[in-house]
Structures are given as structure tokens and as C-alpha cells.
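Colleague: First the structure, which I've put down as C-alpha cells, then a few questions once you've had a look.
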Amino acid sequence: MQTPQFLQQRRKFAAAFLAFIFLLAVVDTAEAGKKEKPEKKVKKSDCGEWQWSVCVPTSGDCGLGTREGTRTGAECKQTMKTQRCKIPCNWKKQFGAECKYQFQAWGECDLNTALKTRTGSLKRALHNADCQKTVTISKPCGKVTKPKPQAESKKKKKEGKKQEKMLD
């Protein structure tokens, strides 16, 4: 029969042996992770930059629409694609729906042409749109009249009606 001291030594040896095996596995795994991986080949694309057409509204002359994109290149997987876009409805469409301008105040009325003008400088161009740097717009000169506030005119009408009823 084995003595308790022998059994204790055997357990210590087994524990040490298992710890040693565990350490070997950990070190081996760590070194395996450090192995040099073959570098991924960087694909140099022969594809050109995307060139986008103007945004074409789905209905009307503003709102949601689409634009076509194309690019050149012998080994391009995709040479055409369609992208959704939006034309803001408050932009001046006569200068291109993708060009946003900051306008100055209206100038004085030209008596010879009966027009007043103002200029706008380019504020923003969507999707590299080809926009003019400055634009000028004209509109007919109109009578300068200050509209009365509606609240006052309604109040006067009510008072007038009350006086008419009192007279009747």
C-alpha cells in the first residue's frame, strides 16, 4: 500500500505536470499568433473617379429623384450606378438645381428698363456641379406699397359693423 506522503507527492507532480503542459499550450498559441501573415495584396484600382449626372426629379421640378454615375476603367466591376438624390424646392432653378447662391438685396429700379436687379455669389454646389461663380437676376419694378396688417383691418371692420348696427 502507498503511504499518504507518496500520494501527496504524486498529486503535486501531476499538478506540476499539468501546469507545465498548460504553459506550453499558452506559449505555443501566443507564438502562433505572432507568425508573420502574408501581406494582403493592395489592389490598385484602374477605375476612374465617379462622374455624376445632374439630379433628375421623379416628379415635378424638385423633390426626390435619381442621378446616374459612370466611371471608366478596364478592370472595374461596376462602371454605372444610380443614386437617389433630392433637389431642394426653394432653390433658384434657373441657375441649376444643384447650385445654391447667396443673394444681395434688390437694387434700385432702373427707369430705362423698368427692372431692378440683384446678384448672387455661389454658396454651395452639390455633387461637383458645374455652377457659375456669380449670377444676376432681374424682376420688374413694382409699386412700393406697405400692406396693412390684417389684425388692424379686421378690427376696424368689426367696429364699423357695430356702429352700423347701433345706427339701425
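Just so it is clear, glycine is given a Cβ too, placed from its N, Cα and C backbone atoms.
Note that the coordinates shown come from a computational prediction; the quantities given were computed from them, not determined experimentally.
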Colleague: Pick from 52-59, 84-91, 92-99: which stretch is listed in Swiss-Prot under region 'Chondroitin sulfate binding'?
Modeller: 92-99
Colleague: Going by Swiss-Prot, which one of Cys76, Cys141 is joined to Cys109 by a disulfide bond?
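Modeller: Matching partner in the record: Cys141.
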Colleague: Of Cys76, Cys131, which cysteine does Swiss-Prot list as the disulfide partner of Cys47?
Modeller: Cys76
Colleague: Of the ranges 15-23, 24-32, 123-131, which one does Swiss-Prot flag as region 'Chondroitin sulfate binding'?
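Modeller: Based on what Swiss-Prot states, region 'Chondroitin sulfate binding' spans 123-131.
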Colleague: When the region 'Chondroitin sulfate binding' (123-131) is classified with DSSP, how many of its residues are helical, how many are strand and how many are coil?
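Modeller: The region 'Chondroitin sulfate binding' (123-131) comes out at 3 helix, 3 strand, 3 coil.
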Colleague: What's the CA-CA gap between Cys85 (disulfide bond) and Cys99 (disulfide bond) in angstrom, rounded?
Modeller: 14
Colleague: I'd like the Cβ neighbour count for Cys62 (disulfide bond), meaning other Cβ atoms within 10 Å of its Cβ, all protein chains included.
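Modeller: A 10 Å sphere around the Cβ of Cys62 (disulfide bond) contains 16 other Cβ atoms.
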Colleague: Give the number of CB atoms, excluding that of Cys131 (disulfide bond) itself, located within 10 Å of its CB.
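Modeller: Taking all protein chains shown, Cys131 (disulfide bond) has 17 Cβ neighbours within 10 Å.
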Colleague: Between the disulfide-bonded residues Cys47, Cys55, Cys76, Cys109, Cys141, which lies closest to Cys131 (disulfide bond), Cα to Cα?
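Modeller: With Cα distances computed to Cys131 (disulfide bond), the winner among Cys47, Cys55, Cys76, Cys109, Cys141 is Cys55.
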Colleague: Are there residues at least six beyond either end of the region 'Chondroitin sulfate binding' (123-131) with Cβ under 8 Å to its Cβ atoms? List them, or say none.
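Modeller: Distant Cβ neighbours of the region 'Chondroitin sulfate binding' (123-131) are 52, 54-55, 67, 85, 95-96, 98-102.
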